[in-house]
Structures are given as structure tokens and as C-alpha cells.
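Q: One structure is given below, represented as C-alpha cells, and several questions about it will come after.
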Amino acid sequence: MFTMYLSSSFSLIVILFTSLIFISISSLETPKHYVVYMGSPIEADGHNSEAYYLQMLDTLLPREESERRKGVHHYKHAFRGFSAMLTEEEAAALSGHDEVVSVFEDPMLQLHTTRSWDFLDSLSGVSSSFPIYNSFHGSSDIIIGVVDTGIWPESPSFSDKGFGEIPAKWKGICMEGPGFNKTNCNRKLIGARYYKSTGATSARDSNGHGTHTASTAAGSHVVGASDRGLARGTAKGGQPGCRIAAYKTCTADGCAGSAMLKAMDDAVHDGVDIISISIGSSAAITSDYLSDPIAIGAFHAQLKGIMVIASAGNDGPNASTVTNVAPWLFTVAASNIDRDFQSSVILGSGKVIQGAGIHFSNATRSKAYSLVYARNAAAASKPTEDARACLPGSLDPKKVSGKVIVCVMPRDAIVTKQIIKVVVEDAGARGLILVNQKEKIRASDFGHFPFSEVDMTDGYKILNYMLHTKSPTVRIVPTVEVKPTKPAPVVALFSSRGPASLTENILKPDVMAPGVLILAALPPPKTAKPSKPEFGLRSGTSMSCPHVSGAAAYVKAHRPSWTPSMIKSALMTTAITYDNMRRPVTNTSGLISTPHETGAGEINPHRAINPGLVFETTTQDYLQFLCYYGYSQKTIRKTLTKATKFSCPKKTSKDIISNINYPSISIGNLRRGQRKMIERSVTNVGPERNVTYVAHIEAPEGLVVKVAPKRLVFGEKVDKVSFKVWFYGEKSASKRYHHGSLEWSDGYHSVRSVFSVNVN
């Protein structure tokens, strides 16, 4: 104990001495918001206190800067540290402190933005007349913490009708603020927090993102919900019996990483069981694991037995865009469901063309408008090909105003549909027909602007009509719902793909879930008087993430003693890899999807409560992962409590990461002619203790895969068995990723592990 205090005092002296050297220089700099991460709480309470953090700042910062010396956030429950306004030199000085793991500039993260649950039931063969998610079976004690833009407490999705007393384990609060009182919380919405550093004044959600994600995960049943008449039905979350705690960390400017850390620290203290985070960095910004707020918070949450589920990102379809890739995170990709929205086009000739799209305008229903091809409406000195694609600044408003315009989205387009909408609206168009030659058409929400998206075949028909008609006209019919559509699920175009850029030896994303045009609760429009219950259709991995949060709560309700990694394994190894046509899941290009797009597949919560076997990924696995990744033993030990004994293996390499006991397998580098062995262990959680599982391998051409033993035998005293898998890249194999699966079956359960191997 004396040695620890002596070391800390010496570090403070070093900081003081260093600060005197550059104080005159740093005083000229504009301070920025930094996070100082100090690992797990330690036994010496004084080192976890706000006073200790203030002492560190006192030794470093000029006395006259009293506000900066107070810091911004203080972390003390799941992990230690603080955030403060610092200059670059001050941050560098703090990084040399013995107890500091990392110091990094506060990152600004971004949001990854009913029928879906019935669709998941249909895939698993469960009758939607008896939804598996409606029951309160053990779920009323489960608390989902939603870290997002806050919540709209008056939504009927957060009604506490039928709920009993709040679980005794709950230690959280209902923070008051303008327009948000303690009475806004109830036995369903049991807690709400906001963070003043973000500029928020209450936990109330004005954005809608947090309300939507919370109701998707655990919203109560609401009969007759719809988005302005579309997608009408009963809205419900994945586990309606769960409690919800809202943590508002995001505003219109984004989501501050320092506030995200504080929210996760609070959530662990408050007593949540699951943390749902539909937030992350963009694919262009990559932070290592000990400088990533979500990865840090999730690491310490899982040490406390709390599962953290996060969205994969919306930067698809490009490869290596997946975010939230730490192995202790459950990373979720997005798919569509068996529902689409049709917006038909009626040409002046009377021909009807069925397109996709959502719009709520009657402007073009009764009146026919002149039709103009965007290529013929180019602004002066602008390339006609730019105008054809309706790129910004390419159109002449005089040629477009008052007409419906036909734009063609090129295959290599870098603009989005929403950008094209803004371009044609600004030019004065009365409607848009978008010919999509890049992907399979999918409905997009264009609000009150008439819109229809068609494929190249129908686009050619429209252009041919215009070519042979002196004064072509068109009407765009209001949107109608179409269900069931096939195929579904299909990987969403926007869903971020693997392999993970930080390490290709962990397969990410982990699973896929519905994330396209999902109906869930929203705040009422500001113009609504009086306010009425509001629901809306939204797309993004932000929407798929809470589906998995609800599914994880469902599994936990049935298996309350299971750890986060057991729940994760169960949802991965029972995932579905076929669509509602009983064919392999495809992407929007019509190609068979790979694990870099779907992870293990589409979640199947009904199967996951009885998976047969699970892969238990332990804290030891995660610590060894950090060793293999390249962190020093000294740094890793700082992340742990003093009571935790840990040493890195003598041999460390990123190649060995493939060997941590993960439910899927990824090998980022296998040379042709090389043989690599991977080891795994599984635990029997099925009803039968004496049972044998037999292996079945699906390997692609060019990759030889063998497993030993081929049979796993469990008994009364044997509930955990290890096996080895050998991968051999044939010399004739093509240089690329090869995907397949290893499945263990006892005749009833099927335990499927997907693998991705990069042969080069």
C-alpha cells in the first residue's frame, strides 16, 4: 500500500515538474476535451475519488484556470478516470502518469441511423398468432440501458400497464430537467439520465433516434401503430416485459465519447443487464481498443457481467467498414424484412410501372406533370453525365422547375438518394423518378416529395416512352404497403462490412438483424396539437442493434444464469442463413452473402434459448487478445483490479488472435500451401448430459478443412470438450477470402460456426 502511494506521489511530482517547463507554451494553446482512462477501480478508495482526479489536475493546470481544474466527467464505478479541457502538452504529461492507461481527444461519434419481430418468428417457424416475444416470462427483472438521444416518455410504447414493482437491484435515478419530471418515469421506463457537457438540458428526446431504438428493443404493445397510415399493425419491442433506462449522450452535433463513457459507467452502477448502443465512429476514423470509448466502457461492463450490443455502422457496401469490432462487443449488421413499399408510376400512355418508394404527397396523383430526362436539363457548362445522375450543381432550374425529373444513379455513385432528392427539389422539380442501376431497388422515405425508384429494365421503358413522345407526362401514385415480399432477409446495402480493419482475426460483424424501414415509436411532430402517439419507419444498423438487444433479453429471461458470452454464442450458432424462399441469404446485388456481411446469420431468438452447446469466451480470452494485439502486460494490468492476477503468454502475435474461444473463426492470413490449426472448446448446456455431437464441414473450393475429434462426447462429469480445426490453403486456391462453416449436431441441435479464411 505504501509503495503504491509513493509511486503515485512521484508521478504527480513528475507532472508538476514537466508542467513548469511548458506552462508558458501551453497557456497559448486552445484547450480541447480529452479523456483520461485509468483502468479498473482499485482498492484504495481515495484513488477512485473525484478529489484524487482534481489533485492530478491541480498539479498540472495553471491556478488561474479554475474551471479547467474541475474537469468535466469523473468515472468511478466500472472504471476509473476523468475527462477535462487540456492542451496537447498537458494531455501528453498526464499520459506519463503511472496509473494512466491512455489519454485521447474526446471523439464525436455518430448515430447509426413491429413487423420485424413477426418476420423473425416466421423464419423460425413460430406462428405469429402466438409471438414468442409477448410473454413477461422472467423478463420483468431485466433492465436494458439504451445509450442514445434520450427518450419521449409519453409514448404508449413505454406504458407500464401490467408491470409490477421496480426490481430491487435498480440503483438509478430519473433526472429532472425542463419538460421532464420524475413522474415521467414509471415501472417500465425506470430511469433517465442526461449529460450537461453535451449541451442537453433534460433526457427528453427531440431527435427521435433514442425513442425509436428503445421501443424496438423493449417497447410495450401498441395496437394500430403506423407511419402516417403505412405499416399499420401492433408495434412491440423484442421483449416488451423488460424495463428501460435511457441515457442521453447524443445531440444534433453527434455523440461525445466522454459522455458515452460516463453513461456506461452510470449504467453499470445503476444495475442494467444489457446496454444497447446504436452509435459508433465512421469507417474513416479508427481508434485502437484502449482509445475507443465504446470499447473501453464495454470491456468493463462485461467484467461486471453486463452484455453490450452495438451497431456495425452504415458505411456499406464497401469492405472493411465495420465498426465496434472489439471481441467483447456484440456487433450487429442490418437486413430487410418481408415488407416493402410500392410507389407506382403512370405514364401518359397509360402504362403502369411499379417502383419502390415512400412518399405521402397527393400532388402528382390527380394531375399529370411534364416529364424531363435529367441529362437534357444540364446547367450551362456542366457535363451531361453529371446532370444525368443529378449531381449537386448539375441541373438548370429553368429546365426542371414544375416537372417530374428522371435521374439515373450510376453504378459507381458516391451520392446518396437523399442528396439527389435535395438537388432536384432545389431545382424546383415536382417529383423524382430514380433509375437505379447500382443495386436492387428498395423503398426510401422521401416524406412529402413524390418519388419512385425503378430498376434499369423499367427505367429503359420510361426513357423509351420519353424518346418517342413529343410531350411526355407522368403521375406518381401514393405509396402502398406490399407484404410478404421475397426474398427476405437480404443484407442492407448500407450495412457495414468486414473484415475488421483493426484485426482480421476476429470475424465481424457477429450477426444480422432487421434494420430496413422498421416501425417504432417517435416523438410527435412539433406541429401536432395536441400531441398524439407517433410512430415512424427508420433504417440503419441503429435499428438492427436494438433487435439483438431485445433478443438477448429474451434469451436471458429464459437462461438467467448465462454469461454475456454464452448468450452471444447461442444467438450466433443458431442464426439463420437462408431466406423466406429457403435459399441462401443474398445481398442487394443478388449475390450469396458472406459472413463479412451477415456475421453468423440472421438472429433466431427462439432457437437460441436451447442451442445445445455454447462457446464461452472468458475474461482470460479477452486479456490474451489484448496481449496478442500488441499491448504490453503492464498496460493490460492497469485495466484490471489489483486482485486480478494476469500475465501475457510468452508468445504473442496478432496471428494467434484467431485462437481465442470465439463462436466464429477468422484467419486473416493463410499462405497457399500453409496449414494452420485453430482450437476451440464448447460447453454442453442442453437438457441431455450424456450426448454425442458429430461434425459436418462445409468448405469452399481451394480450402481444405479438417476437424479432430469428429465426435464430441459429453457425460455426467464431462460438460466441456475441446476440438481442433486445421485449415490448409491449396496451392491452386484463388487469393481471396474463403468462407464456410463447421456444424456440430446431436440429431436435434445444430451448433454452427462460420469461418472466413484469407488465402494469399
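Keep in mind that glycine also has a Cβ here, set from the backbone N, Cα and C atoms.
Per TrEMBL, active site, charge relay system is recorded for Asp148, His209, Ser542. Positions annotated as domain 'Inhibitor I9' by TrEMBL: 34-112. Marked as domain 'Peptidase S8/S53' by TrEMBL: 140-586. Residues annotated as domain 'Subtilisin-like protease fibronectin type-III' in TrEMBL: 659-757.
A description of the local structural setting of each listed feature is requested, covering burial, neighbours and distances.
A: Around Asp148 (active site, charge relay system), the same-chain residues at least 6 positions away in sequence with a Cβ under 8 Å from its Cβ are Leu111, Asp205, His209, Gly210, Thr213, Ala214, Ala246, Tyr247, Lys248, Thr249, Cys250, Ser276, Ile277, Ser278, Ile279.
The Cβ of Ser542 (active site, charge relay system) lies under 8 Å from the Cβ of Leu111, His112, Thr113, His209, His212, Thr213, Ser278, Ile279, Ser311, Asn314, Gly515, each of these being in the same chain and 6 or more residues away along the sequence.
Across all of the domain 'Inhibitor I9' (34-112), the predicted model scores a mean pLDDT of 89.
In the domain 'Subtilisin-like protease fibronectin type-III' (659-757), the DSSP tally of helix, strand and coil residues is 1 helix, 64 strand, 34 coil.
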Q: Please spell out the DSSP helix, strand and coil residue counts for the domain 'Inhibitor I9' (34-112).
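A: Counts, helix then strand then coil: 24 helix, 21 strand, 34 coil.
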Q: Within 10 Å of the Cβ of His209 (active site, charge relay system), how many other Cβ atoms can be counted across all chains shown?
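A: I get 24 for this one.
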